[in-house]
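> Feature list, courtesy of TrEMBL:
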type     : residues : note
ACT_SITE : 237      : active site
ACT_SITE : 266      : active site
ACT_SITE : 285      : active site, proton donor
DOMAIN   : 6-319    : domain 'D-isomer specific 2-hydroxyacid dehydrogenase catalytic'
DOMAIN   : 108-287  : domain 'D-isomer specific 2-hydroxyacid dehydrogenase NAD-binding'
Ligand code: GLV
């Protein structure tokens, strides 16, 4: 008999067919408590769980006593209680490689659109405000040959450094847990502490996961360390930045602008003050959201589930040590 799995994200037809060939699939909208209650029997017998979004914690694990593998269609897994998964010996698979270049493109687009006021001026032109050649009040700031600081030199940080160095002749600073030789030799990146990075960068780019250590890592004190001309880019996780402190810093000129793909609460509430600021470019968490990359992530998540449920984990596993 084929193992049972719960699918909580719709898949392209070919990938769904592949999943169906290996498993008995129950597709649900989400993994909210009401959904679990409604499909209690299917959750109880499922050995696999595939999707993205929603919290995977002790409560969900209690409803899934047969669960052996979670496969998330994402690189980030801060919504998973990894300790609880480890205790239950449930493998967690993710998609860390396929989205790297696309997320770096998104970050570069935030660098450019904040510096050159692309979205603000787009609205202005479409509103019929372009009556004569613009004056200094609408000028942007240069990107090329400036200093770009990267908090978190993982795969995405490295791809961003490549773009900034070769494409824009920028100086690269970075802060990471380990020295990154490739970033230093290929892109001339210089390792420094967080304070130096904040003080010297024209663009501070966050590419960090959300952990206890990174929660509110950028607050009022850190924003004050930045140049008043500096721009903050966050495409990691919203709660790495204290959004209230950022809103204040953007309003009183502590920093120049921000480009945000992530927010403390997502979807960001329409009434959030940060959305009213002209010096903010806001995106709806689209870091990896291209047709090609979202397909690749779904494909990897399906392959990860198939590999893990057949005991063949070779890559893309967050907690391989539990197999020992
Ligand atoms: C996106 O944020 C991801 O974690 O894949």
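Placement of Cβ uses the backbone N, Cα and C atoms for every residue, glycine included.
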> Given a 10 Å Cβ-Cβ cut-off, pick out the one of the active-site residues 237, 285 that has the most other Cβ atoms nearby.
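Neighbour-count leader: 237.
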> Residue 266 (active site) to the residue listed as 'active site, proton donor': how many Å between their Cα atoms?
8
> To the nearest Å, how far is the Cα of residue 285 (active site, proton donor) from the Cα of residue 237 (active site)?
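Between the Cα atoms of residue 285 (active site, proton donor) and residue 237 (active site), the distance comes to 9 Å.
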